[in-house]
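Features reported for this protein in TrEMBL:
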| type | residues | note |
| --- | --- | --- |
| DOMAIN | 10-151 | domain 'N-acetylmuramoyl-L-alanine amidase' |
| REPEAT | 196-215 | repeat 'Cell wall-binding' |
| REPEAT | 217-237 | repeat 'Cell wall-binding' |
| REPEAT | 238-257 | repeat 'Cell wall-binding' |
Amino acid sequence: MEIDVSKLRTDLPQVGVQPYRQVHAHSTGNRNSTVQNEADYHYSKDPELGFFSHVVGNGRVMQVGPVDNGAWDVGGGWNAEGYAQVELIESHESKEEFRIDDRLYIELLRNLSDEAGIPKTLDTDDLAGIKTHDTCTNNQPDNNSDHIDPYPYLAKWGISREQFKQDIENGLTIEAGWQQNDTGTWYVHSDGSYPKDKFEKVNGTWYYFDGSGYMLADRWKKHIDGNWYWFDQSGEMATGWKKIAEKWYYFDGEGAMKTGWVKYKETWYYLDSQNGDMVSNVFVKSNDGWYYLKEDGTIADRPEFSIEPDGLITVK
């Protein structure tokens with residue numbers, strides 16, 4: 001797991017003493033939160049207002065405070081029991097966005113427990129284990145908190161207490177492969193990650209996934225290499241000849257649309273220098289003279305033509 005430490009504070013006070021016996025699970029309670037603005041705010045705020053060790057959101061994990069240090073995060077006696085304290089943002093706009101961060105959240109909580117030698121149990125009667133803020137509020141000594149996160153936010157996305165406990169204690173089962181919703185189609189790797197803003201070969205076929213991870217389909221794409229690429233309705237990258245909107249185009253073996261002269265099976269064709277579509281029934285000027293492209297786009301070996309009185313050239 002990649003963890004961003006660019007906003008890691010090193011000036012936070014130690015709370016309690018080692019060994020710490022819990023990892024605390026929170027959600028931010030802020031419907032406008034992003035992982036970055038939570039980290040930025042935490043970096044400069046007064047620790048007396050509370051602090052934590054990690055925040056998860058927008059497909060990222062950021063460490064913002066030390067582990068094995070305790071924290072002022074649950075408003076009571078178990079502040080001094082926290083090896084790590086993990087916040088989950090509450091601004092997801094789709095089930096898919098939530099699933100991505102939920103995976104990271106679960107994985108991080110489990111990893112931190114392993115790191116500390118803490119049981120991967122959730123909200124049990126034992127002092128040691130992973131504890132939600134809700135359980136801390138209802139069970140810790142000297143409680144001054146009324147927080148019940150992260151359960152209400154998890155429930156919003158269909159995660160019950162029982163499901164969260166199962167996920168924490170057993171780990172998530174990753175649904176690898178193609179996934180689809182009303183917005184589009186994306187591909188999930190076996191580790192739960194997915195390609196974004198890149199070409200990727202899946203089962204021998206090349207696809208392109210946009211910045212949100214959705215596969216391009218029935219669309220042109222101008223890549224940073226300056227070339228144009230076409231992806232058909234199935235998302236497959238075009239190579240060779242393709243008819244698109246009643247025009248013919250040629251794509252090389254790497255998928256790049258070609259322009260200018262192209263030799264295919266010993267026959268020359270000309271593709272418009274700007275748009276890339278095959279030209280036909282026209283004369284084209286080359287370095288060594290003029291050539292006529294027939295209706296099928298091939299060069300006429302010996303075109304028969306005549307010049308009309310007004311200068312119009314016609315071809316038989």
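For all residues, glycine too, the Cβ spot is worked out from N, Cα and C.
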Problem - Within-chain partners of the repeat 'Cell wall-binding' (196-215) [C-beta distance under 8 Å, separation at least 6 from its ends] - result: 96, 183-187, 221, 229, 231, 235-237, 255
Handout entry: Positions whose Cβ lies under 8 angstroms from the repeat 'Cell wall-binding' (217-237), at least six residues beyond its ends
Key = 184-185, 199, 205-208, 244, 249, 251, 255-257, 276
Exercise for the section: Mind checking which residues of the chain, 6+ beyond the ends of the repeat 'Cell wall-binding' (238-257), have their Cβ under 8 Å from one of its Cβ atoms? Expected result: 206, 225, 227-232, 264, 269, 271, 276-278, 297
Problem - Integer mean pLDDT for the repeat 'Cell wall-binding' (196-215) - result: 96
Handout entry: Structural state census, the repeat 'Cell wall-binding' (196-215) (DSSP three-state)
Key = 0 helix, 11 strand, 9 coil
Practice task
Count the residues of the domain 'N-acetylmuramoyl-L-alanine amidase' (10-151) that DSSP assigns to helix (H, G, I), to strand (E, B) and to coil, and report the three numbers in that order.
Solution key: 48 helix, 26 strand, 68 coil
